[in-house]
Amino acid sequence: MSIVCTFFLFLLNTSFAFAFAIPKPPIVRRLSTTVTSNSTASSCSANGNPIDECWRCDENWKDNRKNLADCAVGFGRDSIGGRAGEFYTVTDSGDDNPLNPTPGTLRYAATQDQPLWIIFDRDMVIQLKQDLQVASYKTIDGRGNNVQIAYGPCLTLYKVSNIIINNLYIHDCVPVKRNALSSLGGYSDGDGISIFESRDIWIDHCTLEKCYDGLIDAVNGSTDITISNSYMLNHNEVMLLGHSDEYSGDRDMRVTIAFNYFGEGLVQRMPRCRHGYFHIVNNIYRDWKMYAIGGSANPTIFSQGNVFIASNNQFTKEVTKRESADGDEEWKEWNWKSEGDEMVNGAFFTPSGKEDSPSYAKFSSMVARPASLLKTTHPSVGVLSCEIDQAC
């Protein structure tokens with residue numbers, strides 16, 4: 001074979017490989033000129049992040065995957081996922097038959113009745129044909145691979161408990177009409193992760209963007225949820241916690257939002273809360289286009305040790321937003337408190353209610369670290385690039 005022909009085949013094969021290469025998840029850009037960033041600091045020690053310190057320094061994390069189930073904090077800390085079950089390796093990125101899933105697919109594993117710890121044999125983009133209704137006692141663990149759920153309906157947690165979702169890039173989720181056998185019926189919402197009537201849920205180190213509705217929504221009596229170490233970007237209505245002002249079943253909702261990075265291109269609802277109890281701890285917020293934290297129907301919101309970096313738009317400096325049918329006199333009684341938060345570039349939090357309300361202590365789900373620590377290292381959030389036999 002001539003040298004020219006050989007070179008042509010090399011170019012053809014290289015182009016073919018690049019055409020089907022799976023793009024990497026986005027990473028956090030430098031915070032700003034006003035916030036120091038030191039990317040050389042150890043990410044596994046994480047300056048007091050108890051979740052990451054629990055497992056990321058372990059060079060044998062691949063062989064000790066289930067240790068992750070001991071690392072949750074906050075209201076979702078009791079979620080064990082699939083720790084009591086066997087490992088199941090996803091080998092097939094397809095979703096050809098949602099009613100009768102093919103063995104080896106994520107849908108096949110996630111819908112089994114028994115506990116399972118689900119891992120993946122390679123990088124893959126999973127384009128679902130129907131939203132995936134995950135069964136109880138499942139861990140979906142994408143560590144070690146670039147696993148994406150995208151370009152179709154995404155994940156639904158409906159009347160389940162003990163779910164751990166870790167290290168997935170979830171993006172470009174859209175609504176679809178559910179099949180006739182779906183227990184939910186109608187259309188899926190187009191959320192990245194929809195949580196209905198579920199409890200003991202932990203979502204950690206995920207990257208989420210560009211979905212039709214919310215990135216993560218929890219409604220209809222869902223409770224005991226932790227959303228941590230995740231990177232959210234490029235979205236309008238980010239996170240809804242509580243179904244409606246009239247739905248009293250969400251009064252016992254408890255959610256912890258911790259160590260996340262709410263990044264570029266976000267507009268509102270980080271989160272938007274109703275009725276329940278919400279502990280928002282050690283997150284970084286930057287450049288929200290309307291507001292960061294909002295709510296209605298008398299939620300208790302405890303914002304602790306966060307960094308809020310406002311944009312240069314003079315009309316979007318406020319962190320908070322209340323939606324009240326009866327005006328200021330109603331929301332002034334709601335217990336919203338900021339403690340140890342750092343406000344950058346004119347950001348401000350409007351508190352309300354009783355400064356010393358016992359509800360803050362009762363529903364404090366974890367110990368906050370000083371907000372200043374969030375500014376000493378580059379945020380280590382979202383999907384991680386974990387290598388075998390190395391600390392992650």
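The backbone N, Cα and C atoms fix where each Cβ goes, and this holds for glycine too.
The feature active site is assigned by Swiss-Prot to Arg269, with sequence analysis given as support. For Arg269 (active site), the same-chain residues lying six or more positions away in sequence with a CB closer than 8 A to its CB are Gly214, Glu237, Val238, Met239, Leu240, Gly294.
Under DSSP, Asp213 (Ca(2+) binding site) is assigned to coil, being neither helix nor strand in the three-state scheme. In the structure as shown, the Cβ atom of Asp213 (Ca(2+) binding site) sits within 10 Å of 18 other Cβ atoms. Under the heading Ca(2+) binding site, Swiss-Prot lists Asp189, Asp213, Asp217, citing similarity to another entry as support.
The N-linked glycosylation site annotation in Swiss-Prot covers Asn38 (among others) and rests on sequence analysis.
Under the heading N-linked glycosylation site, Swiss-Prot lists Asn220 (among others). Reduced to three states, the DSSP call for Asn220 (N-linked glycosylation site) is coil. Around the Cβ of Asn220 (N-linked glycosylation site), 17 further Cβ atoms fall within 10 Å across all displayed protein chains.
The feature signal peptide is assigned by Swiss-Prot to 1-21.
On the backbone, the CA of Asn220 (N-linked glycosylation site) and the CA of Asp213 (Ca(2+) binding site) stand 17 Å apart.
Those residues of the chain, other than Asp189, Asp213, Asp217, with a C-beta within 8 angstroms of the mean position of the Ca(2+) site C-beta atoms are Gly190, Asp191, Ser194, Cys211, Tyr212, Gly214, Leu240.
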